[in-house]
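Participant: The structure is given below, and queries will be raised subsequently.
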Amino acid sequence: MAEKRFGVIGYALAPKKQNSFIRDSLVSLAKSRGIELVRVDSDKPLADQGPFDCVLHKLYGDDWKRQLQEFHTLYPNAVILDAPEAIERLHNRISMLQVVSELRIEDRPETFGIPKQIVIYDKATLLDPQAWESLKFPVIAKPLVADGSAKSHKMALVFTRDALNKLKPPIVLQEFVNHGGVIFKVYVVGEHVRCVKRKSLPDVSDEEKALGGVSEDLMSFSQVSNLATVNDCDGYYRLMHLDDDTEMPPDAFVVDIAGGLRRALKLNLFNFDVIRDARYGNRYLIIDINYFPGYAKMPGYEAVLTQFFCEVMLKKKQQEEQQQEEGNAPKEKEESLQA
């Protein structure tokens, strides 16, 4: 008996992303639910391929945006995950976190926000003490652009004002907040939300702050998500997983934040990093938001993504049926009048 075909999803991903995300385990599980995952050939126009019920992508550039628009014109009912315009908001570390201020979560004891931060566009501003005098050191220096490139992941913990001249603008200076050396990574897949805890930068004591760091006034570090390669992803998870009794944020609180971000950003596939401010027991700070993160690092990602794909296909089918009914209604009325 032939397998029931629910939908075809074309995926357009960079080679590294494809290798880490499109695993045999995901392809097999999706196929068992009637979802076929098909690679988009980057050497051919998207509009000449398929047809696809959905395009799952993480490619950038004007040419790719044009291809998506042409595909949408040909197949207006096809689902694009996600809209390039919505994704681009996350490419700027200032605009990505501005959305947090738009959230309204009521009737909860927990509070949330973002660390104090400023953007420095040029060297002259960087060397002007008045530009950053409101910040308390240490600060984390991050490139303003967050486009997934290796350059965008180059960050540093800056302990002293004198170390600022080692940085290259445009950058964002974000106050470092002690958080117990634990970061909570919240994965969002449509309405599915999964929160895991990972090791983070250790707290900085008052003595270390006074001395300007342990041994250096500026300490470079790699973003945690870049530590793993495809081959050592499982080892990465074991390394970064915390077996201690660190308390997780309340599930309902995390789900509320995730839902608010999903609606405000108009995105389905992203994760956000949260820390618990060590100065307050129930104060949480969102420090980063990433589009289409490394879902393979999330335990059981295959089941979550497959269920999401099925939900996307079901919603698409329901919308098409509704459109068909609305399109037939005037015709049926006209025929009844003629009779």
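Keep in mind that glycine also has a Cβ here, set from the backbone N, Cα and C atoms.
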Participant: Have a look through Arg89, Arg93, Arg104, Arg108 and flag the one Swiss-Prot assigns to the ATP site that Lys142, His153, Gln174, Val177, Ser200, Ile287, Asp288, Asn290 belong to.
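Facilitator: Candidate listed by Swiss-Prot for the same site: Arg93.
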Participant: For the 1D-myo-inositol 6-phosphate site that Swiss-Prot gives with Lys16, Gly148, His153, Lys185, Tyr187, Asn271, Asn290, Gly294, Lys297, which of Lys58, Lys116 also belongs there?
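Facilitator: It is Lys58, as the record lists it for that site.
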Participant: What whole-number Å value do you get for the CA-CA distance of Gly148 (1D-myo-inositol 6-phosphate binding site) and Asn290 (ATP binding site)?
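Facilitator: Taking the Cα atoms only, Gly148 (1D-myo-inositol 6-phosphate binding site) lies 9 Å from Asn290 (ATP binding site).
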Participant: Quick one: of the binding-site residues Lys16, Lys185, Asp288, Gly294, which has its CA closest to the CA of Arg93 (ATP binding site)?
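Facilitator: Out of the listed candidates, the nearest Cα belongs to Asp288.
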Participant: What subset of the binding-site residues Lys16, His153, Val177, Gly294 lies within 10 angstroms of Asp273 (Mg(2+) 1 binding site) at the C-alpha level?
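Facilitator: Close binding-site residues: none.
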Participant: Based on the record's binding annotation for 1D-myo-inositol 6-phosphate (Lys16, Lys58, Gly148, His153, Lys185, Tyr187, Asn271, Asn290, Gly294, Lys297), what whole-number value in Å is the widest Cα to Cα distance?
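Facilitator: Greatest Cα-Cα span of the listed binding residues: 21 Å.
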Participant: Indicate whether Lys16 (1D-myo-inositol 6-phosphate binding site) is helix, strand or coil by DSSP.
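Facilitator: The three-state answer is helix.
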Participant: Which entry in the list of binding-site residues, Val177, Ile287, has its Cβ near the fewest other Cβ atoms, using 10 Å as the limit?
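Facilitator: Comparing Cβ neighbour counts within 10 Å for the binding-site residues Val177, Ile287 gives Val177.
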